[in-house]
Amino acid sequence: WKKLYLAHHWPVTVCKMSTNDCQDPPKYWTIHGLWPDKTEECNRTWHFNVTEIKDLMVDMRHYWPDVLHSSLNRTQFWKHEWEKHGTCAAMLQILNSQKKYFGKALELYKHVDLNSCLLKAGIKPSSSYYQMTAIKEALTRFYGVTPKIQCLPPEEGEKAQTIGQIEFCFTKELQLRNCTALKDESDPTQADLKLGTELSVCSDIFPTYYPSQVQ
């Protein structure tokens, strides 16, 4: 693989996409995962072991919660992310254990600090709409790279898309880079949480809804 995606999802939108027991989703962007761009399930014998990340537990529960299942003791989401993506990311020495993989993802999340960047740009959850181009420009200006932004397309009768996921791309040296595919790269679509409606790359045409609560 050539690059890593650090995917943040907006918990309110995740809850909107699923009828699961979403209770009181966090009002900040949380981690969805750290994904190599091409491979999946590279080592099926390397099972998730929650004791390896016990030192990270406070941060994991706060920044990387299982939005769809509110029980704090549930580790299913992390297990899924490790087995599908972590076992492939582990080809890099800096990510070659569960503690390194989850620890580094948390570190990158804090480094990117998406929540405060959006606030500084005046983009906050609201009942009015945003232009997608304005969100993109604010992020690109702040980070110097183009992230990948995904939305729920408008439902029938709606005119706006709903922002759901923002992915930042990193090189193997963990430097931020543009998410647009270079000529020799395929661009994977990460349909990771199988939900009723799927996220897709946001349209520049539709107004964009950044919801503050689950409707």
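Backbone N, Cα and C define each Cβ position, glycine as well.
Now, the feature entries from TrEMBL:
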type: ACT_SITE; residues: His32; note: active site
type: ACT_SITE; residues: Glu81; note: active site
type: ACT_SITE; residues: His85; note: active site
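Counting only the Cα atoms, the space from His85 (active site) to His32 (active site) is about 11 angstrom. His32 (active site) has a Cβ environment of 25 other Cβ atoms inside 10 Å.
Glu81 (active site) sits 8 Å from His32 (active site), counting Cα to Cα.
Of all Cβ atoms in the protein chains displayed, 23 besides its own lie within 10 Å of the Cβ of Glu81 (active site).
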